[in-house]
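Q: According to Swiss-Prot, the protein carries these features:
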{"type": "BINDING", "residues": "Ala60, Gly61, Leu62, Asp63, Lys64, Thr84, Asn137, Asn170, Lys215, Thr243, Gly266, Gly295, Tyr316, Ser317", "note": "FMN binding site"}
{"type": "BINDING", "residues": "Lys64, Asn109, Arg110, Met111, Gly112, Phe113, Asn170, Asn175, Asn244, Thr245", "note": "substrate binding site"}
{"type": "ACT_SITE", "residues": "Ser173", "note": "active site, nucleophile"}
Amino acid sequence: MTYTLLRPLLFLLDAETAHTLTLDTLGLLQKTGLLPNRTIYCTPVRAMGLDFPNPVGLAAGLDKNGAYISALARLGFGFIEVGTVTPRPQPGNPRPRLFRVPQAEAITNRMGFNNVGIDKLIENVRQADYQGILGINIGKNADTPLQNAIDDYLICLRKAYPYASYVTVNISSPNTKQLRQLQNETELEQLLGALKTEQTRLSDQHGHYTPLAIKIAPDLESAQIEAIASLLLKHRMDAVIATNTTIARDGLEHLPHGDEPGGLSGAPLTERSTAVIRQLAMHLQQAIPIIGAGGIMSSLDAQAKIKAGASLVQVYSGLIYRGPALVSEITSLLCSRSTYAG
């Protein structure tokens, strides 16, 4: 009810200003003890060798710098993913770079991995009092040539490894030039090989295993999805997140901000991302868990992704349009046996 009243006021503001204001307010409420803790009980879901207290996670992008983990943890998520973070701080693309398309319940962003850098993010993670499952989403700096991208991912992996429950490798944002080329078979083969080798070394060094997930785009042909699935199996990756934002604009061109460059999320992405999950599930045959993301605006959207083959789901744009109550709404449905029984 509270968010229903607040949303029209927030939507009067520039989208990025509203985003920052909302997070700052949550952080203040948490620090002053005024933010209630929503504990949502569920049969734990086991994936990546981890026991998730419920299957609904926060997608990367909302808390890029890990500065609001303690506050977001009180909203009832089963896990939280922060980032995308890069080795060095970078400002991202010029503003405005975040746009709502309310008529389509969509958001377009061309943020460009704006973040404070991996060292500061880790400092924030260490200061948070969150004890739950935390994913750290890593990427490459905008000025790093594609041929050196592996180095950026390895730098971030090494620094995140001791503090993350799992690490997500973002190779699918449309807002960093050439990044999506890392999904091509040759480039992905090299990247996954380097990541697994380093993961093994870090596991020996730290005495524990931190899983690796790969986040892919929704704008892939069937043959590309099959090739990616084959490489994920070959390199024994721990999970795949499907999907990131889309560059498609089908039916939105006539709407205000509907044709803004960048990645589109929200309701127009729902079916596209679920279709990718379905194809991945067919190729992976439950050997690697799928985390479903993209256009989850209701509990039924989340259920559709589970039925398509996902083990867990993540939300972001749905929170902007529905508010925090969406988390408990989805969890209530997904925790019923019928969802996982098919």
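Every residue, even glycine, has its Cβ placed from backbone N, Cα and C.
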Q: Max CA to CA distance in Å over the substrate-binding set Lys64, Asn109, Arg110, Met111, Gly112, Phe113, Asn170, Asn175, Asn244, Thr245?
A: 16
Q: List, in sequence order, those recorded positions among Arg110, Ser173, Asn244 whose Cα sits within 10 Å of the Cα of Lys215 (FMN binding site).
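A: So the list is Ser173, Asn244.
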Q: So the record assigns Ala60, Gly61, Leu62, Asp63, Lys64, Thr84, Asn137, Asn170, Lys215, Thr243, Gly266, Gly295, Tyr316, Ser317 to FMN. If I measure every Cα pair among those residues, what is the longest distance in angstrom, as a whole number?
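A: Greatest Cα separation within the listed binding residues comes to 20 Å.
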Q: What's the CA to CA span in angstrom from Tyr316 (FMN binding site) over to Ser173 (active site, nucleophile)?
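A: The separation of the Cα atoms works out to 15 Å.
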Q: Given Asn137 (FMN binding site) and Asn244 (substrate binding site), what distance in Å do their CA atoms have, once rounded to a whole number?
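A: Between the Cα atoms of Asn137 (FMN binding site) and Asn244 (substrate binding site), the distance comes to 12 Å.
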Q: Using a 10 angstroms cut-off on Cβ to Cβ distances, just flag whichever of Ala60, Leu62 is the loneliest among these binding-site residues.
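A: Leu62, out of the binding-site residues Ala60, Leu62, has the fewest neighbouring Cβ atoms within 10 Å.
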Q: Out of Asn137, Ser173, which of these recorded positions shows the lowest number of other CB atoms within 10 Å of its CB?
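A: With the recorded positions Asn137, Ser173, fewest surrounding Cβ atoms within 10 Å: Ser173.
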Q: Taking each of Ala60, Leu62, Lys64, Ser173, Gly266 in turn, which of these recorded positions have a Cα lying within 10 angstroms of the Cα of Arg110 (substrate binding site)?
A: Ser173
Q: Give me the CA-CA distance between Leu62 (FMN binding site) and Asn244 (substrate binding site), in Å, as a whole number.
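A: About 13 Å separates the two Cα atoms.
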Q: Give me the sequence-ordered set of same-chain residues, not including Lys64, Asn109, Arg110, Met111, Gly112, Phe113, Asn170, Asn175, Asn244, Thr245, with a C-beta within 8 angstroms of the centroid of the substrate site's C-beta atoms.
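A: So the extra residues in range turn out to be Gly61, Thr84, Gly92, Ser173, Pro174, Thr176, Gly262, Gly263.
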